[in-house]
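All remarks here apply to the structure that follows.
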Ligand code: NAD
């Protein structure tokens, strides 16, 4: 049966990297007879300029219809002065919450060819392959009440609410454990249960979920220790599962272990496995229009889409192998280019992946 894929290029380098990812998607569609139907829509600054809102109803309607969404990146300085509710990033947040994309998967995978690009010693990171599973639609980023109030003594006070219900913890737990089954079968749950009651419950529910996966090992770690361990000995982890705020911070730290943000894909899944796939980086206005952006994170997001939503692991593996092949050939965009490498443009990198896919 045909599958609907919605393409949201976004802003600045978004359309540049998306053009390369779509080339790759169309090629695997024909190589593996996937019967994909591609559609396009506006999101972020591009949507704001064209329609006055960052998430137009037409985009939301198409997103609800789609089996999977491929997103470039949104935002840029020209929209910095727009009021908060209409900022480009609000379009993205709105899409995530409207579609209930509660499970954010961020792999931190270091291609051995790029080990020298990491901020850590190559022996600490070579072969690194971590999957961070972050709860994306709950926790302190969404908890109510929230705001800034003025106390009786005239002093202002900011406040937020850190809240997780049992069912929210359970569903992200099941996602993490089922993903661990496809990997090294180890889940480390990150919390702050020595201080925060909400994460006492988190830990308790993770223990319960673990009983359904006797083949997967569960361990627990406080978030401060997890931050330390990620930069001390990152290869000890397989799957890390955590709440929204801790996951936000830890996944960015893990991303930097791999050297270039231009290499990292991500997925955000709903309860039925439908998802939005996007690179971890932003719209990089500083390099937009120069043809130098690295399209590999977006191309690898296509691979994640094939694996997690479209259930085509062989097509996903072919894309990942093609990326590795291109790196073996010494081809590099500017962000990952070192002495002795061959520097290529955004579209040359896309073409090289296509050639490697074909061979
Ligand atoms: P950024 O990720 O866009 O850029 C950070 C640095 O990394 C820049 O120097 C940039 O040139 C470089 N970089 C990023 N992607 C690259 C790529 N593919 N190839 C080569 N170099 C790359 O982060 P920022 O500068 O903090 O944010 C820029 C805009 O993007 C802001 O408006 C921000 O709100 C938005 N943003 C969007 C998303 C998203 O759409 N998911 C995520 C983060 C930031």
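Each residue, glycine too, has its Cβ placed from N, Cα and C.
Annotated features in TrEMBL:
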type	residues	note
DOMAIN	4-353	domain 'Isopropylmalate dehydrogenase-like'
BINDING	76-89, 282-294	NAD(+) binding site
BINDING	96, 106, 134, 224	substrate binding site
SITE	141	site 'Important for catalysis'
SITE	192	site 'Important for catalysis'
BINDING	224, 248, 252	Mg(2+) binding site
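Listed in sequence order, the recorded positions near residue 248 (Mg(2+) binding site) (C-alpha within 10 Å of its C-alpha) are 134, out of 88, 134, 192. Counting only the Cα atoms, the space from residue 80 (NAD(+) binding site) to residue 252 (Mg(2+) binding site) is about 23 angstrom. DSSP assigns residue 106 (substrate binding site) to a strand segment in the three-state reduction. Taking Cα separation as the measure, residue 106 (substrate binding site) is nearest to 141 of the recorded positions 76, 141, 292. Closest to residue 284 (NAD(+) binding site) in space, going by CA atoms and restricting to the recorded positions 96, 141, 192, 224, 252, is 252. In sequence order, 223, 227, 245, 246, 247, 249, 250, 251, 253 are the same-chain residues whose CB sits within 8 A of the CB centroid of 224, 248, 252, the residues recorded for Mg(2+) being left out. Closeness to ligand 1 is met by 76, 284, these being the recorded positions among 76, 192, 252, 284 whose Cβ falls under 6 Å from the molecule.
In the three-state DSSP reading, residue 284 (NAD(+) binding site) counts as coil.
Cα proximity to residue 192 (site 'Important for catalysis') (within 10 Å) is found for the following binding-site residues from 76, 84, 88, 224: 224. Under DSSP, residue 248 (Mg(2+) binding site) is assigned to a helix (H, G or I) in the three-state scheme.
Here the Cα atom of residue 288 (NAD(+) binding site) is found 22 Å from that of residue 252 (Mg(2+) binding site).
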